[in-house]
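Student: Below are the features listed in Swiss-Prot for this protein:
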{"type": "ACT_SITE", "residues": "Asp134", "note": "active site"}
{"type": "ACT_SITE", "residues": "Asp148", "note": "active site"}
{"type": "TRANSMEM", "residues": "21-41", "note": "transmembrane segment"}
{"type": "TRANSMEM", "residues": "74-94", "note": "transmembrane segment"}
{"type": "TRANSMEM", "residues": "98-118", "note": "transmembrane segment"}
{"type": "TRANSMEM", "residues": "146-166", "note": "transmembrane segment"}
Amino acid sequence: MPEEPTGSTAPQDRPPRRLRLLLSVAATVLALDIVTKVLAVKLLPPGQPVPIIGDTVTWTLVRNSGAAFSMATGYTWVLTLIATGVVVGIFWMGRRLVSPWWAVGLGMILGGAMGNLVDRFFRAPGPLRGHVVDFLSVGWWPVFNVADPSVVGGAILLVVLSIFGYDFDTVGRRKKADQSRD
């Protein structure tokens, strides 16, 4: 006679939650972003390039009222609201997150978004209108900070994961429709 289920699922039967990994990646990106911005503001002369590798890679301190890589300048309050929505959405999604790769990608986006939000809320000219500190210049690319490539890299990772069939709420690749019917 088979045993009746007790109604509780053993911890090893449940897929692992990845919120801790997501938050660790986000905290690392956020800390790097804040520390590098504080150092840039303290040590770099505004608008004057400091060569690192010739004229190709320089430290160049600028204040950016736009989005990543100086896009959407002049829409600071809209960008602040969008970034706040992204942060809230990632926290909401994080409760159901199972995939470690999605945790890394979302953590990169969360850390970068929060890094730039810190500037938007606490830097001049004022809350919701603060300008983001950018200081890395590579070739012809717009000046950026640690948060910008983190957000872009995290987004690229999520697109690649989606293309190859990895969902945020499963451990591996999703099964094809014909395999799941067997």
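Positions of Cβ are set from backbone N, Cα and C atoms, glycine also.
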Student: In this structure, which of the active-site residues Asp134, Asp148 has the fewest other Cβ atoms within 10 Å of its Cβ?
Tutor: Asp148
Student: If I take the alpha carbons of Asp134 (active site) and Asp148 (active site), what is the distance between them in whole Å?
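Tutor: Their Cα atoms are separated by 9 Å.
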